[in-house]
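A short write-up of the structure that comes next.
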């Protein structure tokens, strides 16, 4: 009996030691895991999309305070969920897992022009599409920063998934002599979008923007004419030179066939944004997701705005720099300018096969 009691006591003591050792090792493992997580190593551990979905569901918000749940992202497939997370401005400060998915690619499509034609509106309308990922700011790579190299340029691009299009817009590319050759060197298959507008109205809009930054600017007519008496137009002034679309297009057609271009009407982008966006989506090979349900006309600004997303307090309109009232320009000045542009407009109509109705 004494021996049995001794064995029982020994077994009991052995079990207690084992239990303490188990707890001790468990605590070591937990503390080690905690240490690695605090130092950021846990973020690199692969986790299923559904785990990330559950963890981020109540944390992540998009621009305008719109939650992913409100967008319906959490009722979608894993790929759709990832696309929703990766959609938006590359410079966004919101929490995003886009850096863990997709890859950075050269843009398959570029909005190359023209200034004050409606390029910002077009880009913002396109960014509604889940299969479009675009740089928010203008990179100016092919006109100002080409010496930084193609890898620098690619690193500016947002990450994209299979089936998504990478895009950027820099309107000054259209009038930059070296830009066509440089874009061609990157990829001869790049799709090129040019937003054009009545060159007379465009010139006045260009002048209005410059005047807002430099109130002491000479009058429009003083800048537009070399000689007011003879009516000789000063083509060295950029506001006038940009509107000679045919001349700039000739430079691009030395490198790219006409089939690589889409010419978007800046006027139609205002009067029929859904119709013009349909053409753009077709050109890019995208499903027609952006439709008339996304737009309403803002009477105050004088152009269409995007309807407010569900859960957002306000609609998405372009900023104060868009839709500025134009200064009064003497009618005879505008008529002379219109006469100057007429032959260039007709040539542009012939080159593109499209009459924009500016004359």
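Positions of Cβ are set from backbone N, Cα and C atoms, glycine also.
TrEMBL annotations:
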TRANSMEM  21-41  transmembrane segment
DOMAIN    107-342  domain 'Sulfotransferase'
ACT_SITE  116  active site, for sulfotransferase activity
BINDING   116, 117, 118, 119, 120, 197, 205, 322, 323, 324, 325, 326  3'-phosphoadenylyl sulfate binding site
DISULFID  305-317  disulfide bond
Alpha-carbon spacing, residue 317 (disulfide bond) to residue 120 (3'-phosphoadenylyl sulfate binding site), which is rounded to whole Å: 11
Cα-Cα distance linking the residue listed as 'active site, for sulfotransferase activity' and residue 205 (3'-phosphoadenylyl sulfate binding site), given in Å to the nearest integer: 7
Cβ neighbours within the same chain of residue 118 (3'-phosphoadenylyl sulfate binding site) - under 8 Å, at least six residues apart: 195, 197, 264, 266, 269, 270
Whole-number mean of pLDDT values that fall within the domain 'Sulfotransferase' (107-342): 92
Winner by Cβ contact number (other Cβ atoms within 10 Å) across the recorded positions 116, 120: 116
Rounded distance in angstrom between the Cα atoms of residue 120 (3'-phosphoadenylyl sulfate binding site) and residue 305 (disulfide bond): 12
CB contacts for residue 325 (3'-phosphoadenylyl sulfate binding site) [other CB atoms within 10 A, all chains]: 7
Cβ neighbours of residue 317 (disulfide bond) where a neighbour is any other Cβ within 10 Å: 19
For residue 305 (disulfide bond), the number of other Cβ atoms found within 10 Å of its own Cβ: 20
